[in-house]
Amino acid sequence: MVRHPHPPVTGRPTALRRLARRWSAPLPAPPGALRRGPLRPDGFPSRLRSTRLTSQLGVALGVAFAVCFLTGLLSHLIQHPPGWFRWPARPVGLYRFTQGLHVATGLATVPLLGAKLWSVYHHLFRWPPIRSIAHAVERASVAVLVAAALFQVVGGILNIARWYGPMPFFFTAGHYWVGWLAVGALLVHIGVQLPAVRGALGRSVVESSQERLSRRGLLGGVAAAAGLITLTTVGQTVRPLSGLAVLAPRRPDVGPQGLPVNKTAHRAGVRALAQDPAYRLVVTGPGGRTDLDLAALRALPQHTAELPIACVEGWSATGRWTGVRLRDLVALVGVDPDRATVLVESLETAGRYRTSTVGPAHVADPLTLIALRLGGEPLHPDHGYPARLIAPNRPGVLQTKWVGRLTVRESS
Amino acid sequence: MRTRAALVAVGTLLIGYAVVGALADPDLRPTGVLLFLAGVLAGHDLVWMAVLLAVGALLARWVPERHRPVVRVGVISAATVTVVAVPLVLGFGRPPDDPSVLPLPYGRHLAIVLLLIAGATLLTCWAADRRRSRRPAPAAPGGRPPRSALHRPGGEPLGQEALPEGVHDHHGDADQQ
């Protein structure tokens with residue numbers, strides 16, 4: 001028996017067409033008796049909700065997400081630089097600015113995201129819940145967007161409060177990949193909603209004066225809340241506002257020697273090693289190896305630099321650091337300091353940030369120090385005694401503390 | 001149409017990149033990420049929104065219509081600072097050996113900020129009432145109409161139309177916040 005007497009020459013387009021038809025074909029509606037509670041037609045009669053309000057909140061939220069994504073991506077690239085990426089040593093406080101902006105924008109997003117989700121909450125109870133396969137996919141993509149957006153904002157808040165218990169994953173990696181997920185889902189959402197947004201923001205929209213007042217009042221409330229949360233937290237990096245930072249997880253002047261600490265010597269397990277009189281800073285390079293004890297380090301030319309510790313968590317604080325220029329130590333092992341890369345290793349035996357690489361721009365910079373003193377005093381153990389790296393325009397996690405070894409190589 | 005298709009295509013590619021990248025990252029447990037994604041979604045849509053709608057219903061029940069916009073601003077601000085401050089107040093992230101982490105009395109600070117928000121909201125409502133009571137009644141010769149009537153062609157008070165009696169009080173603005 002021949003089932004297909006004619007070979008399917010046009011089989012592919014037909015299959016595609018059939019697929020497309022099935023994709024948007026209406027699905028049977030569920031029984032009307034299930035339309036209860038929030039699913040009933042008048043479940044959400046608030047006159048405050050409107051497509052125009054949602055669109056305006058959406059545009060603002062889109063801008064906030066773009067700022068967070070770009071500054072976050074930048075921070076990731078600085079910490080995990082691919083071959084093509086170069087991060088300059090100047091301006092000194094650029095990373096302090098971009099990461100401060102990342103966290104401040106994330107916090108200001110809280111009321112925006114809350115209001116945006118409130119304004120579309122009734123769509124969750126649309127009837128029928130699913131009209132077609134295409135509709136189901138669109139709803140699933142919205143669920144991905146909402147989950148990813150909440151993941152980023154809630155996770156970020158928990159991270160700056162350093163409360164990792166509720167997050168069953170490594171925060172940094174999760175925040176990074178879900179950032180891509182959020183931006184992808186956001187672009188899909190904009191693509192789907194563009195006509196509705198254009199229509200709602202157009203001039204021809206009819207809106208009663210009461211609706212306009214309510215909408216503007218709500219937008220004003222969101223702006224006020226964003227302003228308030230900024231005012232009570234941003235002082236953790238903007239020093240003149242530190243007095244107002246009553247809800248900031250850090251104060252720029254609280255900590256040993258007037259500077260906050262992220263990882264103590266005790267937690268790093270280096271207390272004994274750092275205090276050991278047998279301590280030597282080992283500098284190796286193609287031209288040989290030099291072992292320097294503290295007296296030898298202090299005998300080298302000392303330089304002082306005002307540089308910030310700028311944490312990925314959004315706080316920053318400036319210190320007056322004194323020590324040996326990294327470029328001087330590089331020259332000791334016979335490498336041109338203007339063409340060198342240095343691997344800095346801590347005395348820590350383990351830990352994600354035990355080592356960091358200092359690229360040519362930072363090695364060459366005269367402000368990059370192996371610091372021995374902070375504010376004129378020997379470094380506090382929690383600030384990296386006996387010696388720590390401090391360089392301009394660099395995330396705090398890469399300012400390696402308790403430095404035990406420098407491995408110098410010539411850059412190609 | 002081309003712009004929309006491009007946005008959807010690029011967005012889908014980025015979602016794919018995120019999924020593949022997360023699965024390939026040795027530092028990441030995808031089940032943990034999925035669990036947290038589902039947790040925040042369910043927590044927001046089922047718990048947080050229910051609380052918010054309940055607060056909205058209380059406002060609609062107890063706050064006079066004329067004061068609702070101001071009270072709404074206060075509630076949004078209070079909710080925002082509370083969301084950000086609760087992990088600080090609980091202080092589970094404070095390590096015993098590092099006093100520079102979460103160094104402030106956040107419970108007291110949150111209470112003060114919430115009181116200030118409440119005070120500012122009450123003051124604004126009170127000032128609005130005072131202004132309103134000083135103004136002559138709309139029928140008085142030469143007087144200006146009360147503020148609530150200014151933006152309505154018929155001069156009818158806000159929010160008393162459109163919905164049948166009962167629906168407005170109990171459901172009408174139940175989800176305003």
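Glycine residues also receive a Cβ, built from the backbone N, Cα and C atoms like all the rest.
Features as listed in TrEMBL:
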TRANSMEM  A:57-79  transmembrane segment
TRANSMEM  A:99-121  transmembrane segment
TRANSMEM  A:142-165  transmembrane segment
TRANSMEM  A:177-197  transmembrane segment
TRANSMEM  A:218-238  transmembrane segment
DOMAIN    A:277-410  domain 'Oxidoreductase molybdopterin-binding'
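Of the two recorded stretches, the transmembrane segment (A:99-121) does not lie close to the transmembrane segment (A:177-197), with fewer than three CB pairs under 8 Å once pairs fewer than 6 apart in sequence are set aside. Tertiary neighbourhood of the transmembrane segment (A:142-165): same-chain residues 61, 65, 68, 103, 106-107, 109-110, 113, 117, 123, 171, 174-175, 178-179, 181-182, 185-186, 188-189, 249, 313-314, selected by CB-CB distance under 8 Å and a gap of 6+ residues from either end.
Residues of the same chain lying 6 or more positions beyond the ends of the transmembrane segment (A:57-79) and with a Cβ under 8 Å from any Cβ of it are 85, 87, 95, 98-99, 101-102, 105-106, 108-109, 112-113, 115-116, 119, 149, 152, 175-176, 179, 182-183, 186, 190, 193, 197, 201, 219, 222, 312, 394-395, 397-398.
Across all of the domain 'Oxidoreductase molybdopterin-binding' (A:277-410), the predicted model scores a mean pLDDT of 96.
Only residues 6 or more beyond the boundaries of the transmembrane segment (A:177-197), in the same chain, are considered here, and those with a CB under 8 A from a CB of the stretch are 51, 55, 58-59, 62, 65, 68-69, 72-73, 138, 141-142, 144-145, 148-149, 151-152, 155.
The DSSP breakdown of the domain 'Oxidoreductase molybdopterin-binding' (A:277-410) into helical (H, G, I), extended (E, B) and coil residues amounts to 27 helix, 59 strand, 48 coil.
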